[in-house]
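Before we start, here is the structure in question, set down as structure tokens.
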Amino acid sequence: MEGNLISMREDHSFHVRYRMEASCLELALEGERLCKSGDCRAGVSFFEAAVQVGTEDLKTLSAIYSQLGNAYFYLHDYAKALEYHHHDLTLARTIGDQLGEAKASGNLGNTLKVLGNFDEAIVCCQRHLDISRELNDKVGEARALYNLGNVYHAKGKSFGCPGPQDTGEFPEDVRNALQAAVDLYEENLSLVTALGDRAAQGRAFGNLGNTHYLLGNFRDAVIAHEQRLLIAKEFGDKAAERRAYSNLGNAYIFLGEFETASEYYKKTLLLARQLKDRAVEAQSCYSLGNTYTLLQDYEKAIDYHLKHLAIAQELKDRIGEGRACWSLGNAYTALGNHDQAMHFAEKHLEISREVGDKSGELTARLNLSDLQMVLGLSYSTNNSMMSENIEIDGSLHGAGAKLGRRHSMENLELMKLTPEKVPNWNSEILAKQKPLIAKPSAKLLFVNRLKGKKYKSGSACTKVLQDASNSVDHRAPRSQKKISSDTIGDEGFFDLLRRFQSNRMDDQRCHLQGNCRTTSTAAASATPKLMKAPSVSVVSPNTDEFLDLLASSQSRRLDDQRASFSNLPGLRLTKGNSPSVLERLMTNDKKEPDEDFFDILVKCQGSRLDDQRCAPPSAATKGPTVPDEDFFSLILRSQAKRMDEQRVLLQRDPNRDSEFGLKELLQNNALLEFKHSGK
């Protein structure tokens, strides 16, 4: 009787487990179907429900982890994606599934790349590559090479972009990362070509072209993007075709072939309109506006910048609006329409204040100052020292010859404030005023050079600006407060400069977390309590207790980071039918870690230290209507280079230096002799 009862109980338990297994698998399959249909959020709900039900099948659970990680990655919840891909990796290693371990390592590497943990991502992707080669899995090897190339590309781009350098002018470590990406993409390309995978070839060509572009290899970038364009047309992939046209336009800009670049940007604009992507349409208009600025066709530049402005306003992209107003102000200035230029400069200033763009605010103020000088208006924040009796001589109208197109990016002459379309100034007045009418980009360069320096007083700032000025003023200064040699050195400018510097200092400060006691009595009372315990062990000659304490603390921290089978959600173990699974899990926990584990541990510890460092101020946010590859900075840099080329380098004469050094020595000796004789 008892035997029959035990048998009935076992049968009932089996049926319950069977229903649970079926329920878990059904939920997982429904989640997979929803994710494939594009509804990842609903799919995640079914996968989470499957995990709640649980399963004894480790391979099924591993597949659920992988799908959950991918779904969370698609939803941009990278912390959750990292968690489930880590569970998948742990489980795959536990059951000895090398193929599953390779895939989990690749997924983990992609997630770490997005989070900016590039060194850890490289370790994971390299593990994916090593296992694929061990298994002779060519498809997996190609995918691992592509992922590893993406990590190096992202690492180089991330470390190289914040600086003011030109494309291709990067530090050695950045160039090494980008070159490693090129090598990996080329290896991937040869492998997928042998496999006959045209879609993978297209992706490889696109990324290869982008990396060559960053390295400054613009001809190689053009070749790669042309191949990408060809494959995109084969598949009818309009989005990829549009990206290829845009990338080709960017490359031709830096080759100085502006006409060719404009043709590719027009094709980009056409496809963006076909795809009904308003943000990309605005980006194309913005790029075309800048291209025609480089071609000095300011009428067309204004037309495209106005289109960009309209779409930015439609999409409520204030950053894009500000950039459009800046560009329009420069173009109208070049045409001599200073009233319109003033309008857009004021709008640029207003938007820069609204979005907290201090650099844009400073640039807008300088542009307004320039335009007010041209129009003979008084400066809004201070009394201008420029007279309003400007004489205009009509006989000089049209005397200036229009500059031809320049192909060299080093010698561009753009955004003139006094083009030939404006009635020219009297030659004498023009000679006096022309040095004062500085280009916005030149002034911006000058202020950027001052950014990192400390100024002890306002007078010191004034002296630096006066020495650097090229302005001419024949009036003698009546007081120290009058600064007639440089109209930009006024109080409003210095107020802005001081605020700009203070904000930069605030961005570099560390913010203390938690409640801190600030009173001296509280600090005095708290200090002995805090220092009492460590003072005994540290000061004592016998530091064994301290080292034991440190070792135990470190071991607890390491234990917290270990993966245990009890922490795997959805894993159900029973005494009856899974002793082998439990034994494998326990055996896996007791294994001695290999050298690869310690390499990963060192990198992880290094990244944890990096996470505790003070991050630099974040880069300015870009709006959706401003393209990532914004070459408007090229216009500013070309202006800055022209200013640098006009500087005079003083050559030191060693004979003269020694002569002056001898004179100074003799004078000092004579002074000492005079003092001694007086005594």
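Every residue, even glycine, has its Cβ placed from backbone N, Cα and C.
Computed from a predicted structure; not experimentally measured.
From Swiss-Prot, for reference:
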- 24-57: repeat 'TPR 1' (REPEAT)
- 102-135: repeat 'TPR 3' (REPEAT)
- 202-235: repeat 'TPR 5' (REPEAT)
- SER408: phosphoserine (MOD_RES)
- SER484: phosphoserine (MOD_RES)
- THR487: phosphothreonine (MOD_RES)
- SER540: phosphoserine (MOD_RES)
- SER564: phosphoserine (MOD_RES)
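Are these features on the surface or tucked inside, and what touches them?
The repeat 'TPR 1' (24-57): residue composition by secondary structure is 27 helix, 1 strand, 6 coil, according to DSSP.
The average pLDDT for the repeat 'TPR 3' (102-135) in the predicted structure is 96.
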Using DSSP, what is the helix/strand/coil residue split across the repeat 'TPR 3' (102-135)?
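The repeat 'TPR 3' (102-135) comes out at 30 helix, 0 strand, 4 coil.
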Quick one: DSSP breakdown of the repeat 'TPR 5' (202-235) into helix, strand and coil?
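Each residue of the repeat 'TPR 5' (202-235) counted once, the result is 32 helix, 0 strand, 2 coil.
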